[in-house]
Amino acid sequence: MNTILAQQIANEGGVEAWMIAQQHKSLLRFLTCGSVDDGKSTLIGRLLHDTLQIYEDQLSSLHNDSKRHGTQGEKLDLALLVDGLQAEREQGITIDVAYRYFSTEKRKFIIADTPGHEQYTRNMATGASTCDLAILLIDARKGVLDQTRRHSFISTLLGIKHLVVAINKMDLVDYREETFARIREDYLTFAEQLPGDLDIRFVPLSALEGDNVAAQSANMRWYSGPTLLEVLETVDIQRAVDRQPMRFPVQYVNRPNLDFRGYAGTLASGSVKVGERIKVLPSGVESSVARIVTFDGDKEEACAGEAITLVLNDDIDISRGDLLLAANETLAPARHAAIDVVWMAEQPLAPGQSYDVKLAGKKTRARIEAIRYQIDINNLTQRDVESLPLNGIGLVEMTFDEPLALDIYQQNPVTGGLIFIDRLSNVTVGAGMVRELDERGATPPVEYSAFELELNALVRRHFPHWDARDLLGDKHGAA
């Protein structure tokens, strides 16, 4: 047990009291991102080190690892605290998304350390999808680079509103204020093109030396702002899902015996109370909440983010993937949508392709109808393309095999975010964020000849493993 943890437990009056206090602290999920070798892993290591979150055995192991794999000479290589894969240590880079947990007296934190290399942009998008804040590291010697722009855009695309631009390695530019001011101006010029109302803050620091990370730097007296840790402890995170209407995707039908039938899942947004009238989509059947069951017992009310089991007053047909919402809410299922896509596969995404898509607990098939444009990350302009390559970001028009209850991603990431799954390998090949709904709802139905319909029926009957589309079903759906 480290010293600060032992002291905190003693101050709280024992382990049980300390654990209760931890439960009432707010939680901040953030990621570090930026270009290659900007010092992301070193910064996380410095945060853990300076907040005394490293145990004695970890510190001893870090000394040994620094001698074998370190890149800082006689100094501790704090990046090794996070770079856990052997390939990462041998190459001195981050490959996988590494998660670390720590807490201070004011807040709990979950950190996602994401790769800087362009070929691992998909890993970075994975890490950003659950975060509230992004720390964008910039090497003071290099300034704003393409990966800085790419990661900034992906972060905002995935709904992150709080950006902390950490201008690192200030020790290598003699802590000059003019270097900080120039990079700040360059980034603000670029950020004017980013979507949404963003909270952007700038901190000059040295992760290697510890300047302005957890303690104020004596080398940059010209900077009067907060340290990085102070920003993380005090930033006000207003989650949009708390203010959105109630959405409860059913993940599991819980029926341990004949006397109990509940619907388990995580409340995606809003709140739900015992006695509240709810509606089930896609069926539209209504009922009311009889019980809200949790691990700690029954509750009268549950809020967004809580894992609960809902018991209803009526026995109605509900299965995995259905969506529960307030009875007075209207959410029309859609078959067509425009989706912002981050593509993660070697094979490009092209019109005409079909994929399995998973949205909350729902899994269905979708067809790529068109690619409106790909985003040029360097200047955030739109350009016409025939396909979306690996790590490409663009807006895609899709048609689902069945109507889905969807929200716009910026309003509700759970019911507006989806993943693409290759139907042969079952590998996740892309991430999607709903931008527009029913964009092609007024498109006239496609007319198929009798021969085309008969051939389609024959293929579907005798070769079901081909997963051919039901043209007759498409015709009826469009009509």
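Glycine is treated like the rest: Cβ placed from N, Cα and C.
Looking at 92-96, 177-181, 217-221, the range tied to region 'G2' in Swiss-Prot is 92-96. As stated in Swiss-Prot, the feature region 'G4' covers range 168-171 out of the listed 60-63, 168-171, 352-355. Region 'G1' is the annotation Swiss-Prot gives to one range among 34-41, 146-153, 410-417, 434-441, and that range is 34-41. Per Swiss-Prot, the listed range annotated as region 'G3' is 113-116 (candidates: 69-72, 113-116). The average pLDDT computed over the region 'G2' (92-96) stands at 46. Using a 10 Å Cβ-Cβ cutoff, ASP37 (GTP binding site) registers 19 neighbours.
MET170 (GTP binding site) falls within a helix when secondary structure is assigned with DSSP.
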